[in-house]
Amino acid sequence: MSAAAPDRPTACLALADGTLFYGQGFGATGQTEAELCFNTAMTGYQEIMTDPSYAGQIVTFTFPHIGNVGVNPEDDETADPVAAGMIVKWMPTDPSNWRAVQGLDQWLASRGRIALGGVDTRRLTRAIRQSGAPHVALAHNPDGSFDVEALVAAARGFAGLEGVDLAREVTCAQSYRWNEMRWAWPDGYAPLQDPKYKVVALDYGAKRNILRCLASAGCDVTVLPATASFEDVMAQNPDGVFLSNGPGDPAATGAYAVPMIRQVLDDTDLPVFGICLGHQMLALALGAQTIKMNHGHHGANHPVKDHDTGKVEITSMNHGFAVDAQTLPQGVVETHTSLFDGSNCGIRMDGRPVWSVQHHPEASPGPQDSYYLFERFARAMADRAA
Ligand SMILES: NC(=O)CC[C@H](N)C(=O)O
């Protein structure tokens, strides 16, 4: 199939500035509004689409061949796709992989997610880089008729992600215990074995592989809803507290998450570990500020420097906000920075086992260079118990 827009387009993407991209629709029909980002990962589209951190966003994949391996039940990061939609250069071909149970097209359709294929994703990516992540409306209509003015108006009407607490929408309704470890060939996910540390994980939109990595590092994880109180956390009698990734504006989620984290820091000596939104929550609780980035970081090959060891880790990234390193208070050390743009990628409290990173060490999808952070968390809990 051609990468050029088909003669009779069945989907249309409108940017708030009025730019239009026509192509071929797949997945669900209808219309959706969101912020648009691009992701440079070459693999892992199913994990990306089901990462709850993508709520409120449509993902443009810069890698042109997306959908080739279909979808399977093991690679979901949560029960349903959470990204609002997807944009690809080439229309997906029939899946060819022994793990596939469904094609990407049917999977998206059955889960109500709209997709657009056959557009020039390089042009779209350049537009995002130059002008910042745009607000967009994406319509898929098999009869090919589009009210373009209404579509542009819908894009302009999208309120954006700033000030929006999306963690509340994707968090679990009730607490639960996690009981699965990381994937190991040939057996797949093994059940939790011999956990040594009791960990409470605050679910702001947690990816399953984070919970698996914690389990593989020896943690018996109880997942609590994002709005859990300090008392709810302490009722679990934890050895450590984990703050998950998640969607939306950290400042908005911080309105209720920060006071709880502050109390953990003030009233306990528990090790604390945060990832992505959890990193931003910890930074806010320590008195720093977060900022909206131009087009964020979304990919699986981002170099990050660990200042403690001098080592560079190749990481998985997905964030549109960042911790403003200029606002880190005394007693908080910048531990990691992005080698792409120098933005903050990690902090730690001086002299305490309290730290967090902006990147995704669970790497689903992505390289596994940063798994050591889970083991470091386990060691901190062991040291505290000793
Ligand atoms: N992956 C995440 O946890 C993302 C955090 C936050 N929503 C951001 O976009 O920066």
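Any Cβ shown, glycine's included, is placed from N, Cα and C.
Remember, it's a predicted structure, so these values are computed and weren't measured experimentally.
Feature annotations, courtesy of TrEMBL:
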ACT_SITE  CYS276  active site, nucleophile
ACT_SITE  HIS360  active site
ACT_SITE  GLU362  active site
BINDING   SER53, GLY246, GLY248, LEU277, GLN280, ASN318, GLY320, PHE321  L-glutamine binding site
DOMAIN    9-139  domain 'Carbamoyl-phosphate synthase small subunit N-terminal'
REGION    1-197  region 'CPSase'
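Positions of TrEMBL features highlighted on the structure.
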residue	record	DSSP (3 states)
SER53	L-glutamine binding site	helix
GLY246	L-glutamine binding site	coil
CYS276	active site, nucleophile	coil
ASN318	L-glutamine binding site	strand
HIS360	active site	coil
What active-site residues among CYS276, HIS360, GLU362 are found with a C-alpha within 10 angstroms of that of ASN318 (L-glutamine binding site)? CYS276, HIS360
What recorded positions among GLY246, LEU277, HIS360, GLU362 have a C-beta sitting less than 6 Å from any atom of ligand 1? GLY246, LEU277
Which recorded positions from the set CYS276, GLY320, PHE321 come within 10 angstroms of HIS360 (active site), judged by C-alpha positions? CYS276
GLU362 (active site) versus GLN280 (L-glutamine binding site) - Cα distance in angstrom: 17
Judged by other C-beta atoms within 10 Å of its C-beta, the most isolated of the binding-site residues GLY246, GLY248, GLY320 is GLY320
Is it possible to get the count of other C-beta atoms within 10 angstroms of the C-beta of SER53 (L-glutamine binding site)? 30
Protein Cβ atoms within 10 Å of HIS360 (active site), excluding its own: 25
Residue counts (helix, strand, coil, in that order) that DSSP gives for the domain 'Carbamoyl-phosphate synthase small subunit N-terminal' (9-139): 26 helix, 42 strand, 63 coil
Cα of PHE321 (L-glutamine binding site) to Cα of the residue listed as 'active site, nucleophile', in Å and rounded, measures 9
Please report the Cα separation of GLY320 (L-glutamine binding site) and GLU362 (active site) in Å, rounded to an integer. 18
